[in-house]
Each structure stands twice: as C-alpha cells, then as structure tokens.
Amino acid sequence: MSPIRIPVVDRYLVREVLFAWLAVLLVLFAVLATNRLIGYLGDAAGGELPGGVILTLLGLQTVRYLGMILPASFFLGIVLAFGRLYRDSEMAVMSACGIGPWRQFRALLWLALPLAGLVGLLSLYWGPAATQKAEQVQAEAEAQVEFAALQAGRFLQARGATEGTLYLERLSEDQREMEDVFIRAGGTADRVVLAARRGVQEKDPETGDRYLVLLDGWRYDGRPGAADWRVTRFERHGVLVAEGSEEVAVRLRRNAQPTAELWGSDHPADRAEVQWRLAMPAMTLLLALLAVPLSKSAPRDGRYGRLLSAVLVYVGYFQFLTVGQDWLETGQVPAALGLWWLHGAVLAVGVLGLLWRFDLLPARGGHKGRAP
C-alpha cells in the first residue's frame with residue numbers, strides 16, 4: 001500500500017494552522033489549569049481538601065475539559081493562521097493560482113478529521129471516565145479531611161448540620177477512627193449528650209450526607225437541671241455532620257456515567273447528555289468550516305482583525321448548544337432531533353458564508369462570481 005501523499009499547498013496550510021493552534025491551545029490550557037489550581041488551593045487552605053490530591057484532581061479535570069478546549073483552540077488557531085496569510089497577501093497568491101475556499105477547507109480536513117476523532121474519544125469515553133475517577137478521589141479526600149481539625153484530648157466546636165462540642169480521647173493516624181468519643185449537641189434548653197467507645201466517619205453514596213457513626217455507647221436526652229433525663233444504650237448511632245446535595249450528586253453522576261449506559265436510557269436528561277457528548281466532535285468540524293470565511297480579511301486589517309469575531313462566534317455556538325441541551329432535558333425538543341438541528345443550521349451558515357465571502361453566489365442577471 002502506497003503512503004498517503006499530501007499536496008504541497010495542503011502541507012503548508014496544515015503547518016501554519018498547526019503552529020497557531022498549538023500556541024492557542026497552550027494559552028487556553030494554562031488559563032484552565034491556573035483557574036482550577038487556584039480553586040483547589042483555596043479548598044486546601046480552607047481545610048476542605050488535602051494537598052496531596054491537588055495534582056491528581058487537576059490532571060483528571062484537564063482530561064474532562066480537554067474535549068471542549070480542543071475545538072475552541074483549533075478554531076481560533078485557523079483564524080489566526082489564515083489571518084497572517086491574508087495580511088502577507090499569501091492568500092491572494094493562492095487564489096490567483098486557483099486555490100479557493102473549498103480547497104482551503106479540504107486542506108484543513110487533514111487536521112480536523114483526526115482531531116474530531118480525538119475529541120470524540122475524549123467526550124464519549126475518556127472524559128466521563130476521568131470525571132468518575134475525579135469524583136471518587138475527591139470523595140475519599142474529603143472523607144480524610146472531614147475531621148482533620150480533630151486532635152485527641154482537646155475539645156472541638158463542631159460545625160455544619162449538627163452543632164455542638166466534640167471530644168475524643170484517641171484518634172487513628174488516618175483520622176477516620178476514634179476512641180472514647182463525647183458529643184454534646186442541642187441548645188440551651190434541651191440537650192443531647194452522646195458517649196461511645198468508638199467512632200468512625202461515613203458518607204451516604206446516594207445523598208452525599210456525612211455521618212459520624214458512634215459504636216457501643218450511650219445517649220442522654222434532657223434539660224439541664226432536670227432529673228428526668230432519658231438514657232438509651234446503642235450499638236450503632238449515626239450523627240449527621242454535613243448535608244449533601246442530592247441534585248448536584250445526581251448531575252455529577254450523569255456526567256460521569258459511561259456513554260453506553262446513557263445511550264440505552266429513556267430519561268430525557270440522559271439523552272441530552274449523550275447529545276452533548278456527540279456535539280463536541282461535530283463542533284470541531286463545523287468550526288473549521290466557519291473559520292474559512294470568517295478569517296478572510298484585507299491585508300490592512302492585520303493578523304488579529306478577525307479574532308474578536310471568532311471568539312463571539314464560538315461563544316454563541318457554545319451557548320446555543322447549552323440551551324439546546326436544556327430543551328432536550330425539558331422535552332421542548334424531540335429526543336430524535338437531538339442537537340442535530342443546531343449543527344445543521346451551523347452547516348448552512350458555514351456554506352453560505354463561504355459562498356458570500358468569496359463571491360460565489362449567483363449574481364443578478366444569471367452571472368456568477370469567481371470560481372473556487
């Protein structure tokens with residue numbers, strides 16, 4: 001089998017776009033990583049996250065968002081690269097040699113098609129897997145720091161769902177198990193006093209609620225100064241420490257679910273999630289098409305003349321996808337239609353943009369513009 005031969009002009013355009021794309025990708029990646037890093041460092045400083053998992057979470061979140069960064073960086077890279085070619089009048093020379101917009105778009109496909117495949121893998125498989133792993137790592141990390149402020153032999157003012165005073169005699173090295181635990185909860189009137197030989201921390205996987213589970217202890221209910229305190233012996237008693245958000249937990253689980261599981265679901269939100277994942281590779285190809293007419297400019301406009309327009313186009317496309325996903329979840333758009341109506345509209349805009357920007361539309365009187 002003979003190797004694939006890429007025409008010289010195509011190689012030149014691919015090289016120019018590749019360099020610009022990698023530069024934009026590096027900038028966007030740095031912005032995203034810095035933003036996430038600042039958030040994680042803030043959580044670590046607030047005692048909500050151990051510092052040892054920050055880099056792990058940062059890497060997993062990068063994989064999750066890479067499927068959205070790649071189409072954006074590729075689109076902006078094309079606009080920047082073609083903008084330089086227009087500024088240096090190289091596009092005018094290519095046009096005079098018969099290399100029109102359709103040939104330019106065909107050259108872009110050498111990059112766009114493999115990139116769309118990579119984005120598809122990220123959005124359909126690797127991204128959800130990374131999200132699921134990130135949730136597991138963060139849940140385990142939060143469990144480790146839930147009682148990170150605890151110190152054996154000292155009283156701690158408890159916060160969260162159950163306010164009161166907490167004391168323990170001994171604490172394991174991983175801070176998950178306690179011995180000789182004492183808890184006082186309640187207001188100035190009625191009070192609850194708990195005393196147990198052991199205690200462990202647990203999290204409800206369904207609701208996200210966090211509990212301090214006391215083992216082998218006593219519960220005392222009553223009012224200070226009264227003689228009718230109620231005493232109860234228990235083998236296991238859970239004390240709610242922090243309430244979880246069931247709505248957020250369900251949303252995160254959907255984002256982390258494998259595409260194969262969502263594909264067979266009849267739930268509108270699951271179908272909307274699948275359509276969102278499919279939209280990313282389609283978006284990659286359509287943005288490449290839009291970039292060709294959008295990047296056309298006069299030499300005096302400069303290399304960055306169309307960059308702001310490109311950013312606005314990308315933001316608008318992304319926002320329409322978000323709205324379309326919401327419509328799918330609420331049933332305003334049929335599930336069979338998905339988000340393909342939006343991609344079809346963008347395709348039509350891209351084709352019309354090519355014809356209009358390069359004077360390829362039929363003129364009045366039956367005359368046509370320049371051939372590509």
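Every residue, even glycine, has its Cβ placed from backbone N, Cα and C.
According to TrEMBL, the features are:
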TRANSMEM  12-33  transmembrane segment
TRANSMEM  65-86  transmembrane segment
TRANSMEM  107-126  transmembrane segment
TRANSMEM  276-295  transmembrane segment
TRANSMEM  307-328  transmembrane segment
TRANSMEM  340-358  transmembrane segment
Quick one: find which recorded stretch in 65-86, 107-126, 276-295 has the most Cβ pairs under 8 Å with the transmembrane segment (12-33). 65-86
Is it the case that the transmembrane segment (307-328) and the transmembrane segment (107-126) touch, counting contact as three or more CB pairs under 8 Å in which the residues of each pair are 6 or more positions apart? no
Which residues, given as numbers and ranges, are at least 6 beyond the ends of the transmembrane segment (276-295) yet have a Cβ under 8 Å from it? 67-68, 70-72, 74-75, 78-79, 82-83, 86, 101, 104-105, 108-109, 111-113, 115-117, 119-120, 122-124, 127-128, 259, 306, 309-310, 313-314, 317, 321, 325, 338-339, 342-343, 346-347, 349-351, 353-354, 356-358
